[in-house]
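The domain 'Globin' feature in Swiss-Prot is assigned to 1-141; the stated evidence is sequence analysis. The O2 binding site annotation in Swiss-Prot covers HIS58. According to Swiss-Prot, the feature heme b binding site maps to HIS87, an assignment based on sequence analysis.
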Amino acid sequence: VLSAADKNNVKGIFTKIAGHAEEYGAEALERMFITYPSTKTYFPHFDLSHGSAQIKGHGKKVVAALIEAVNHIDDITGTLSKLSDLHAHKLRVDPVNFKLLGQCFLVVVAIHHPSALTPEVHASLDKFLCAVGTVLTAKYR
């Protein structure tokens, strides 16, 4: 459960992230594909080379969904319901991949905003990403 302080920390760090959705999303995806090669299996139709338009486009979608969740932080479940359906029923993405992508996203934020990612903000952002992952995997059960 996100506390009031967590919500403020997440909203604060996302003011720095929002203008870089495509860049940060693509970096997180590329990092995930390199670190966890098995995740590539969900993207057989993508050009997975560095800087590809498909990775940039999907990265932008990922971060846009996170921004939408931040904008509706008190109703992440309702906000991401359709996305949860898509990933559970149509795409059938292994739930562990949301955690892997979340970890990679945290690394990207740390690289670009080291001074803003204090231990408290890091913990809050991690809790938020875990909450998003929980929502996205809820329909698997």
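Keep in mind that glycine also has a Cβ here, set from the backbone N, Cα and C atoms.
The secondary structure of HIS58 (O2 binding site), as reduced to three states from DSSP, is helical. Restricting the average to the domain 'Globin' (1-141) gives a pLDDT of 92.
Each residue of the domain 'Globin' (1-141) gets a DSSP state, and the totals for helix, strand and coil are 113 helix, 0 strand, 28 coil. Proximity of the residue listed as 'O2 binding site' to non-local residues of its own chain (separation of 6 or more, Cβ distance below 8 Å) is seen for GLY25, ALA26, LEU29, PHE43, PHE46, given in sequence order.
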